[in-house]
């Protein structure tokens with residue numbers, strides 16, 4: 001067998017395995033999320049299908065497959081059908097570039113589907129293209145609520161994609177590469193990048209919630225405002241494909257944060273000298289880090305209310321983008337003038353920037369209000385109880 005054909009078959013096999021792992025994780029993520037939300041809300045949650053409710057994802061899958069696939073009269077049939085395929089296709093493709101271990105550690109092959117020198121840029125491009133599935137699904141439905149949800153998704157993606165890119169630009173300048181593998185190797189030598197880019201991580205985390213359309217940024221499908229947003233006219237397997245795309249994007253965002261800021265598939269450096277062979281558990285470390293971020297996504301959904309649309313846009317353009325730009329300039333200044341002082345200085349500066357944001361939290365909160373609300377807050381007086389003013 002020619003080498004190129006063998007390599008192609010191996011790549012296809014790895015792609016199938018990654019897709020299977022992601023879709024299986026999605027299925028049980030829905031169950032875990034429902035059970036955790038129920039526990040946080042003092043409920044029981046789904047526990048009737050199978051032992052301890054573990055077959056609930058299978059029941060949901062069977063139900064979605066065999067439900068009637070309704071078609072809207074005014075819908076564009078081709079685009080209406082292709083939109084969920086585009087969404088899930090981009091989500092699955094984006095995850096394939098994230099390394100799950102060192103080179104040649106997966107039965108003599110590389111533990112990734114593809115490895116690009118511009119890996120992080122390719123991933124940002126793929127995740128950005130996923131919004132086309134949402135927008136096209138809303139537009140093709142031929143209904144006002146879906147098109148509003150699609151437009152919201154497009155505006156939200158544009159607003160937070162810039163901040164997300166700038167939030168990791170300082171990290172990329174520090175490492176000197178856009179390859180995921182080299183970023184992990186750099187952290188093995190110098191320490192996790194969360195220590196030196198704390199402000200960038202906070203901005204990337206917020207942008208990840210917005211990019212995945214999760215609470216408090218789930219405006220494209222706001223039930224109280226848009227029925228179900230871009231999902232209003234979808235049912236059966238098409239609706240399930242959109243849900244798959246959302247959860248796969250959550251998993252991808254968690255894997256990216258683990259890789260960029262927490263050492264990726266490598267365990268904590270201080271443990272490598274204490275526990276023999278700990279560096280031989282790359283996949284386990286990556287899964288544990290992804291699980292922590294997925295729990296954070298669920299926790300935030302159970303805790304925070306949804307932002308208004310004007311608050312969402314104002315927060316992205318007036319806070320996330322300027323602070324991300326400031327973090328980039330701070331890192332550039334350190335590389336130009338303070339490199340000799342050591343990386344700890346950059347970590348302290350990043351921590352100081354984050355603490356400054358918390359200290360100015362009242363000013364930050366004012367960005368969420370409209371000009372009329374801000375003027376009202378400035379001129380308000382405490383009125384006596386029961387008085388007319």
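Yeah, the Cβs are placed from backbone N, Cα and C, and that goes for glycine too.
Within its own chain, the transmembrane segment (8-28) has Cβ neighbours under 8 Å at 57-58, 60-61, 92, 95-96, 106, 109, 112-114, 243-244, 247-248, 251, counting only residues six or more beyond its boundaries. If you look up Swiss-Prot, you'll see 8-28 (among others) marked as transmembrane segment, on the strength of sequence analysis.
Residues or ranges marked as transmembrane segment in Swiss-Prot: 78-98 (among others). Long-range neighbours of the transmembrane segment (78-98) within the same chain, counting only residues 6 or more positions beyond its ends whose Cβ lies under 8 Å from a Cβ of the stretch, are 14-15, 18-19, 22, 71-72, 112-116, 119, 122-123, 126-127, 129-130, 132-134, 136-137, 139-141, 180, 233-234, 238-239, 241-242, 244-245, 248-249, 251-252, 255-256, 259.
Residues 75-76, 79-80, 82-91, 93-94, 97-98, 146-151, 153-154, 157, 161, 164-165, 168, 172, 178-180, 183, 211, 213, 220, 229-231, 234, 242, 245, 249, 252, 256, 260 of the same chain, all 6+ positions outside the transmembrane segment (120-140), place their C-beta atoms under 8 angstroms from a C-beta of that stretch. Annotation source Swiss-Prot lists transmembrane segment at 120-140 (among others), citing sequence analysis.
Annotation comment: Swiss-Prot describes 157-177 (among others) as transmembrane segment, evidence class sequence analysis. Away from its own ends, the transmembrane segment (157-177) comes close to residues 117, 120, 124, 128, 131, 183, 186, 193, 196-197, 200-201, 203-204, 206-208, 210-211, 217, 260-261, 312-313, 316-317, 320-321, 324-325, 327-328, 330-332, 335, 346 of its chain (Cβ-Cβ under 8 Å, at least six residues beyond either end).
Residues 160-161, 163-164, 166-168, 170-171, 174-175, 183, 215-217, 253, 256-257, 260-263, 269, 297, 300, 320, 323-324, 327, 330-331, 343, 346-347, 350-351, 353-354, 357 of the same chain lie 6 or more positions beyond the ends of the transmembrane segment (189-209) yet place their CB under 8 Å from a CB of it. The transmembrane segment feature in Swiss-Prot is assigned to 189-209 (among others); the stated evidence is sequence analysis.
Sequence annotations record features per position, and here Swiss-Prot assigns transmembrane segment to 255-275 (among others) based on sequence analysis.
Summarising the annotation, Swiss-Prot assigns transmembrane segment to 280-300 (among others) and lists sequence analysis as the type of evidence.
Counting same-chain residues at least six beyond the ends of the transmembrane segment (317-337), those with a Cβ under 8 angstroms from any Cβ of the stretch are 159-160, 162-164, 166-167, 169-171, 173-174, 197, 199-200, 203, 206-207, 345-346, 349-350, 353, 357, 364, 367. Taken from Swiss-Prot, the feature transmembrane segment applies to 317-337 (among others), supported by sequence analysis.
Look at Swiss-Prot and you will find 340-360 (among others) tagged as transmembrane segment. Nonlocal intrachain contacts for the transmembrane segment (340-360), taken as residues 6+ away from its ends with a CB within less than 8 angstroms of a stretch CB, comprise 174, 190-191, 195-200, 202, 323, 326-327, 330-331, 334.
Listed as Cβ neighbours of the transmembrane segment (280-300) (distance under 8 Å, sequence separation of 6 or more from its ends, same chain) are residues 29, 32-33, 36-37, 40, 100-102, 105, 111, 209, 212, 214-216, 250-251, 253-255, 257-259, 262-267.
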